[in-house]
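Here Swiss-Prot flags 4-52, 94-142 as zinc finger. The Zn(2+) 1 binding site annotation in Swiss-Prot covers CYS10, CYS15, CYS33, HIS36. Here Swiss-Prot flags CYS25, CYS28, HIS42, CYS44 as Zn(2+) 2 binding site, drawing on sequence analysis. Marked as Zn(2+) 3 binding site by Swiss-Prot: CYS100, CYS105, CYS123, HIS126. The Zn(2+) 4 binding site annotation in Swiss-Prot covers CYS115, CYS118, HIS132, CYS134 and is backed by sequence analysis. Look at Swiss-Prot and you will find 134-171 tagged as region 'Disordered'. Residues or ranges marked as compositional bias 'Low complexity' in Swiss-Prot: 136-151.
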Amino acid sequence: MEFPDLGKHCSEPTCKQLDFLPITCDACKQDFCKDHFSYVGHKCPFAFKKDVQVPVCPLCNAPIPVKRGEIPDVVVGEHMDRDCTFHPGRNRNKVFTHRCSKEGCRKKEMLQLACAQCHGNFCIQHRHPLDHNCQAGSSSASRGRTSTSRAAEQKPSGVSWLAQRLRRTVK
């Protein structure tokens, strides 16, 4: 039993199939079945307005114009071979850029480890004030304060707290 009022007929002249879930073309605004809804499937006369692709180069992030009828993958490949400004061997970013400020130490770290007292940049081995002979914390005013009053003024971070605990157990 057919329901002629339910659904719509495909607008493709060679099909005219009654489709219960028709798809409307966003370019020509006609209804099509699942086989003819693509621009190529029904030879849409307004496809040039909608079927535009501008791929982006995965290396240099530049938009690459693609002419009508060209395959985007081929155009991107040609761009990467000829016109791409990114050269993997030349533009390599350094990872270990933060050099230790301790005299005689030449280590470099990925992350900046700044001393809270003298604000110098140090490697993991010299990151604590006692390890790099910190000059900012050696004033007479800072020596006069007790360790409990220092802890009350500023709450130590988890890393520094753990380091202090480990130093106490090692000594």
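Numbers here mean position along the shown chain, with the first residue as 1.
Note that Cβ sites are derived from N, Cα and C of the backbone, with glycine treated the same way.
Of the recorded residues, CYS134 (Zn(2+) 4 binding site) and CYS123 (Zn(2+) 3 binding site) place their C-alpha atoms 14 Å from one another. Taking Cα separation as the measure, CYS44 (Zn(2+) 2 binding site) is nearest to CYS115 of the binding-site residues CYS115, CYS118, HIS126. Same-chain neighbours of the Zn(2+) 2 site beyond CYS25, CYS28, HIS42, CYS44, judged by a C-beta within 8 angstroms of the site's C-beta center, are, in sequence order, SER11, ALA27, GLN30, PHE32, PHE37, TYR39, LYS43, PRO45, PHE46, ALA47. In this structure the C-alpha atoms belonging to HIS132 (Zn(2+) 4 binding site) and HIS126 (Zn(2+) 3 binding site) are separated by 5 Å. Of all the binding-site residues listed (CYS10, CYS33, CYS100, CYS134), CYS134 has the fewest other CB atoms within 10 A of its CB. Report note: the Zn(2+) 1 site is defined by CYS10, CYS15, CYS33, HIS36, and the residues of the same chain whose CB lies within 8 Å of the CB centroid of those residues, excluding them, are SER11, GLU12, LYS16, GLN17, ASP19, PHE32, LYS34, ASP35, PHE37, GLY41, HIS42. The Cβ of CYS28 (Zn(2+) 2 binding site) has 17 neighbouring Cβ atoms from other residues within 10 Å, across all protein chains displayed.
Using Cα positions, the member of the binding-site residues CYS15, CYS25, CYS28 nearest to CYS100 (Zn(2+) 3 binding site) is identified as CYS25. Under DSSP, residues within the zinc finger (4-52) fall into helix, strand and coil as 4 helix, 8 strand, 37 coil. Comparing Cα positions, HIS42 (Zn(2+) 2 binding site) lies closest to HIS36 out of the binding-site residues CYS33, HIS36, CYS105, CYS115, CYS118.
Counting only the Cα atoms, the space from HIS126 (Zn(2+) 3 binding site) to CYS25 (Zn(2+) 2 binding site) is about 67 angstrom. Distance from the CA of CYS28 (Zn(2+) 2 binding site) to the CA of CYS123 (Zn(2+) 3 binding site) is 65 Å. Here the candidates are the binding-site residues CYS10, CYS15, CYS105, CYS115. The one whose C-alpha lies nearest to that of CYS28 (Zn(2+) 2 binding site) is CYS10.
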